[in-house]
Ligand code: SAH
Ligand code: SF4
């Protein structure tokens with residue numbers, strides 16, 4: 001037994017208990033997530049998709065067909081730096097090996113079932129995966145910076161039912177796999193002809209990822225984490241963790257793991273500052289109330305003044321947009337390196353809310369700014385192409401079933 005000095009700081013008993021409760025909760029979340037697993041990367045003809053494999057898995061796959069492990073680096077470079085989709089274009093690899101790779105493997109991409117470009121150049125894709133399931137991806141250009149963000153989905157549907165969100169009306173069908181998550185970014189890059197990825201610091205149009213599409217990324221943590229490790233790999237796509245933001249409705253037990261393992265930026269879908277209201281519009285709040293969520297933000301390891309946490313706040317007329325709400329918001333987040341994204345509600349057919357008025361938005365934003373937080377009002381992009389998340393998929397399903405719009 002180790003002697004413990006009487007003066008050694010002892011953690012309070014609750015800390016240990018709370019920590020193990022969190023670990024149990026995390027296990028429960030991961031186990032539930034496994035019930036909605038994506039299909040494997042194996043095609044009916046026995047070939048395997050190389051996209052979405054970790055480096056270790058890629059090595060195993062190559063070794064299994066009799067190749068040396070050093071091939072991994074070479075193949076990885078072609079897949080993720082050059083973005084090729086055809087083994088015949090891997091010019092540093094001898095022809096017979098190219099043929100052998102093509103016999104055993106494929107380089108998958110989701111199929112673009114619909115592509116719509118808005119007058120403001122926002123481009124929305126509905127990607128169809130191998131089993132016919134579909135998810136939305138949006139490219140949002142930023143003209144001032146000559147770059148833009150790709151908004152990626154993490155699940156088909158969502159288990160949570162936030163009352164303002166169209167995706168929330170769709171049942172969770174399944175999680176997206178790492179290949180499908182990385183595939184959305186790669187297919188968006190294909191559509192802009194943006195391969196190979198930049199050498200040095202040249203800004204590129206598709207240089208930022210926001211995990212803000214359909215689904216709750218922290219309820220599909222393992223696939224999301226695997227995909228983000230692939231896009232951050234410096235010998236491939238090479239996105240910095242500073243250029244990736246994960247948006248969560250507040251799955252508190254997974255937030256710490258996301259911070260320590262991935263170190264990417266965090267956005268919190270806050271949307272209400274009182275538990276009674278948040279319980280209603282973001283029902284996950286009943287499980288992880290505002291105080292626990294804010295405490296998890298305060299300890300989020302990747303947060304600093306240079307890398308602030310974004311609090312997303314959807315402005316619903318007469319529901320959460322009062323000046324008292326704004327004052328409570330700044331009180332709640334005081335001391336957190338943060339910015340507040342005020343999002344005008346984007347109505348969809350059947351939704352129960354109205355967007356806040358311009359005047360109310362401005363008043364709210366002023367209170368937040370006066371408290372020292374940047375408070376951009378994010379204008380909804382691509383209104384003319386059904387930008388309310390989740391709508392494109394519903395339209396597509398309706399068409400496939402032959403129903404009128
Ligand atoms: N499930 C995660 C990530 C996807 S939803 C989360 O909730 O954070 C991400 C964001 O989509 C929400 O925070 C909200 O800002 C936005 N959103 C959903 N429905 C919207 C609507 N009708 N109008 C405007 N923004 C909406
Ligand atoms: Fe799911 Fe996010 Fe929509 Fe809520 S806002 S229903 S968590 S996708």
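Backbone N, Cα and C define each Cβ position, glycine as well.
Feature annotations, reproduced from TrEMBL:
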- 136: active site, proton acceptor (ACT_SITE)
- 389: active site, S-methylcysteine intermediate (ACT_SITE)
- 158, 162, 165: [4Fe-4S] cluster binding site (BINDING)
- 215, 216, 247, 269, 270, 271, 346: S-adenosyl-L-methionine binding site (BINDING)
- 144-378: domain 'Radical SAM core' (DOMAIN)
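Features as recorded by TrEMBL, highlighted on the structure.
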residue: 136; record: active site, proton acceptor; DSSP class: strand
residue: 158; record: [4Fe-4S] cluster binding site; DSSP class: coil
residue: 165; record: [4Fe-4S] cluster binding site; DSSP class: coil
residue: 215; record: S-adenosyl-L-methionine binding site; DSSP class: coil
residue: 247; record: S-adenosyl-L-methionine binding site; DSSP class: strand
residue: 270; record: S-adenosyl-L-methionine binding site; DSSP class: coil
residue: 346; record: S-adenosyl-L-methionine binding site; DSSP class: coil
Greatest Cα separation in angstrom, residues 215, 216, 247, 269, 270, 271, 346 binding S-adenosyl-L-methionine per the record, works out to 19
The recorded positions listed are 136, 215, 247, 270, 346; by CA-CA distance, the one closest to residue 158 ([4Fe-4S] cluster binding site) is 215
Spatial neighbours of residue 165 ([4Fe-4S] cluster binding site) among the binding-site residues 216, 247, 271, 346, using Cα within 10 Å, are 346
Distance filter, Cβ under 6 Å of ligand 1; input recorded positions 136, 216, 247, 270, 271, 346; output 216, 247, 346
Here the mean pLDDT of the domain 'Radical SAM core' (144-378) is 92
For the recorded positions listed (136, 162, 346), most other Cβ atoms within 10 Å of the Cβ sits at 136
Cα of residue 271 (S-adenosyl-L-methionine binding site) to Cα of residue 162 ([4Fe-4S] cluster binding site), in Å and rounded, measures 10
Residue 247 (S-adenosyl-L-methionine binding site) to residue 162 ([4Fe-4S] cluster binding site), Cα to Cα, whole Å, comes out at 14
So residue 215 (S-adenosyl-L-methionine binding site), by the Cβ count within 10 Å over all chains shown, scores 30
Lowest 10 Å Cβ neighbour count of the binding-site residues 247, 269 is held by 247
Near ligand 2 by the Cβ criterion (under 6 Å), the recorded positions from 136, 247, 270, 271, 346 are none
Rounded to a whole number of Å, the separation of the Cα atoms of residue 269 (S-adenosyl-L-methionine binding site) and residue 136 (active site, proton acceptor) comes to 19
